[in-house]
């Protein structure tokens, strides 16, 4: 430490604290007020490292590529983490531990039990608490010298610029397409580097947008994908450690930029496959001269309706499709009455096998949606056999098939396929259960597992 000490020109026995917060404590209410475009956050003017700083950061201070000057840059940097979930938790944790000066934590959501396997800064005692406040509360116990600003709000075209322009670096840890476009366009307008990551199932991706002359998100994706092809963690699942790994690498990119080093993934996409244990770097195309966002930032349509543009909600919650008419759907209450009245029918569970293994209604048959979409002869033949058994057992000619899934999305798709396969047959009726098995658990059987 002698070499490091010789570089320190001054020392202070105290560490910086937030004036409105006690040490190692965060208030859950009230939340910080949003600052307008003309009410900029105060500049972080730290001129030297304190003795407590030297002790706390000593293991990274001795790194030649960082050193005292790099640590000072970190202490004067402000980072906004958008999304305090599976990615945002490791990002915020390592940024706080490394000594970032100010950390904005933005999330509209509250902590739920299904978050805890991957969102490791929350806990069972935080259920129902604002995620941004929960993260700030945990991190203040880790490093009270960092300024934490939790925002319990949804980012939208009306508030995005006034928030983002007050930070040096933006970490996009969101889980929906409209927010990614909104954050990208706002970063272009504000001239901020954007460190963006995603994680789904066993895979993760990471890249840096809008850094120097590098591309932005719209350069790569001028148009959003069809909403029905987009899968998030709630729909597709994710192994908890995958966002932990990608989020840690995301924090590393932020730290490099904040300390004055060049990021590794500007113009490069990192792809991680947890099943194979493999990392791959893919060079991505450069900045587009005709990009709608970064070719002329002053004309970027920051106030556009991003949900309409993407055809999906700016939320990581499961989307709700509306493919069927009301007459083609049954509420869980209506289906319960149908059961109680012993109306002959086939209940077809169209979820993937791993979900069926979690829970199922005992009288249902299982035909996965994928098998129907592919018109797999095995599954079509199986269904025809069950329909024949229904007619024989009930001494009826009416063929009623009711589809069910987790939330009532795939079941609607299944009805459309059934109508295509069997719709021309006499007395064939296909309907789905609105809200699926989770609505059944919510409104009919509280002991039915929720996932």
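Numbers here mean position along the shown chain, with the first residue as 1.
Cβ atoms are placed via backbone N, Cα and C, with glycine included.
According to Swiss-Prot, the protein carries these features:
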| type | residues | note |
| --- | --- | --- |
| BINDING | 86, 107, 114, 115, 116, 117, 118, 131, 175, 176 | ATP binding site |
| BINDING | 216, 219, 291, 294 | Zn(2+) binding site |
| ACT_SITE | 233 | active site, glycyl thioester intermediate |
| DISULFID | 310-318 | disulfide bond |
| DOMAIN | 341-449 | domain 'Rhodanese' |
| ACT_SITE | 405 | active site, cysteine persulfide intermediate |
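Mapped onto this structure are the features recorded in Swiss-Prot.
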{"residue": "114", "record": "ATP binding site", "contacts (Cβ under 8 Å, 6+ apart)": "451"}
{"residue": "116", "record": "ATP binding site", "contacts (Cβ under 8 Å, 6+ apart)": "122, 123, 124"}
{"residue": "118", "record": "ATP binding site", "contacts (Cβ under 8 Å, 6+ apart)": "85, 86, 89, 238, 240, 241, 242, 243, 244"}
{"residue": "216", "record": "Zn(2+) binding site", "contacts (Cβ under 8 Å, 6+ apart)": "184, 187, 188, 194, 209, 210, 287, 291, 293, 294"}
{"residue": "219", "record": "Zn(2+) binding site", "contacts (Cβ under 8 Å, 6+ apart)": "285, 286, 287, 288, 291, 293, 294"}
{"residue": "310", "record": "disulfide bond", "contacts (Cβ under 8 Å, 6+ apart)": "177, 178, 181, 224, 227"}
{"residue": "405", "record": "active site, cysteine persulfide intermediate", "contacts (Cβ under 8 Å, 6+ apart)": "349, 350, 351, 369, 411, 414, 432, 436, 437"}
Say we define neighbours as other CB atoms within 10 Å of the CB. Which of the binding-site residues 291, 294 has the fewest? 291
Max Cα distance spanning 86, 107, 114, 115, 116, 117, 118, 131, 175, 176 (ATP binders), Å? 20
Other residues with Cβ within 8 Å of the Cβ centroid of 216, 219, 291, 294 at the Zn(2+) site? 184, 188, 209, 210, 215, 217, 218, 287, 288, 292, 293, 295
Can you break down the domain 'Rhodanese' (341-449) into helix, strand and coil residue counts using DSSP? 50 helix, 18 strand, 41 coil
Any idea which of the binding-site residues 86, 175 has the thinnest Cβ neighbourhood at 10 Å? 175
Which value does the mean pLDDT take for the domain 'Rhodanese' (341-449) in this predicted structure? 93
For residue 86 (ATP binding site), which DSSP three-state class applies? coil
